[in-house]
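Asks: I'd like to ask some things about the structure below.
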């Protein structure tokens, strides 16, 4: 097997990694390295006098053989890229004979081995990963579209909290759609040379993918900021600037992505804009994402501390407990019933009792552990695992977690914060079965409020 045929076979194997990793095109790195080596070899050969007896410098597709005198042997190590296959690359020898260069010895498949079983194993593995993330994104898109339709159609559910949820759902849809667009544009088929592809569609798909990713992280951060402000506020009517969150959630990704596109057009308009993660312009995209994940993690810890401090038996006030049940555990607080006055009025005739709305069941340890787990998909805390590692680190674990499980994040968020939301379920039931609208006030929370002893009242409050 000659060097060109062996290089082609290696590229076929590397292409499997490229399809699975999206922007980590190992085969493109290999091709780029070969092209650089070939160019350097040809330039060196042009500056050498080949008129003397012997063998001229030549490029055989993998290695650059220098000018050599007749009867001499030359030994060169295999290209460094073969070390990716976990084996120690050997060396190849060639003899300069009277008739020219001899064939490489040992042959390239022997000197620069690639385990043949990798072809089948890696193809099966990466194909499975692609099927998983394609299925996950498809399910997420359907679930998120239904969730947005519900939150938009039911007027009683309109409030800042659900507005932010809707924006986050939209970013998950955009992110999943960008994955499909990029797969279609960059990996159109096995014969597509996406390493040298420089079409407008390819570049647009990469830019849209980066924009979708940034908007998703920005709205994950918006969720954390909103909840932190909500829990830290002292007045039930104090609200964070919702429209500032909207402006930041969509405006900052537009600004960063636009800046990155401008830099690529001006300074690095090569191939499909998605090959060199070492480029300094890559940090225009990567930097804000790393920062948002770090801030989100800090807010996550801060929220847990606030809940521990304010939700104790003697410290949990009306406003904080209301926000806790309404935001973190929206499906587990039983619905309030219509107030009923007592008919057996005795000495305590000034007391009006309303059925408990579920706060009594909000035991701190159990609720705190549940809310902690539920904040992880809502804030994207799981991204902290790989976000500060190099893109090529831990690929064996990173691929199934980030591409596979990450594709279902939108579905999980839609289920937890819409389909299992008690407020949403009751409003749907009211619309479907015609229940009394008073059973679901527009902005209901599960709280209780105790007035002075002679007139103890338990009421429902409105807080979103």
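Yeah, the Cβs are placed from backbone N, Cα and C, and that goes for glycine too.
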Asks: Looking at 50, 216, which residue has the N-linked glycosylation site feature per Swiss-Prot?
Replies: 50
Asks: If I go by Swiss-Prot, the feature transmembrane segment sits on one of 73-93, 94-114, 241-261. Which?
Replies: 241-261
Asks: Quick one: does Swiss-Prot have residue 199 and residue 305 on the same side of the membrane?
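Replies: Going by what Swiss-Prot records, residue 305 is on the opposite face of the membrane from residue 199.
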Asks: Of 26-46, 131-151, which range does Swiss-Prot call transmembrane segment?
Replies: 131-151
Asks: Ranking 168-188, 211-231, 241-261, 399-419 by the number of C-beta pairs under 8 Å to the transmembrane segment (284-304), which range is first?
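Replies: Highest pair count goes to 211-231.
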Asks: With pairs closer than 6 in sequence left out, are the transmembrane segment (241-261) and the transmembrane segment (168-188) joined by 3 or more CB pairs under 8 Å?
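Replies: Touching, no - the transmembrane segment (168-188) and the transmembrane segment (241-261) miss the threshold of 3 or more Cβ pairs under 8 Å.
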Asks: Are there residues at least 6 beyond the ends of the transmembrane segment (211-231) whose Cβ is under 8 Å from a Cβ of it, and what are they?
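Replies: Contacts of the transmembrane segment (211-231) (Cβ under 8 Å, skipping residues fewer than 6 from its ends): 160-161, 164-165, 167-168, 171-172, 174-175, 177-178, 239-240, 242, 245, 248-250, 252-254, 256-257, 285, 288-289, 292-293, 295-296, 299-300, 302-303, 306-307, 310, 320, 323-324, 327-328, 378-380, 383.
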Asks: When you rank 41, 64, 78, 112 by Cα distance to residue 96 (disulfide bond), which of the disulfide-bonded residues ends up on top as the closest?
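Replies: Spatially nearest to residue 96 (disulfide bond) by Cα position is 64.
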Asks: DSSP helix, strand and coil counts for the topological domain 'Cytoplasmic' (152-167)?
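Replies: Helix, strand and coil residues of the topological domain 'Cytoplasmic' (152-167) number 13 helix, 0 strand, 3 coil.
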Asks: What is the interatomic distance between the Cα atoms of residue 55 (disulfide bond) and residue 41 (disulfide bond), given in whole Å?
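Replies: That separation, Cα to Cα, works out to 14 Å.
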Asks: DSSP on residue 41 (disulfide bond), three-state: which is it?
Replies: helix
Asks: Can you tell which of the disulfide-bonded residues (55, 64, 78, 96) has the fewest other C-beta atoms within 10 angstroms of its C-beta?
Replies: 64
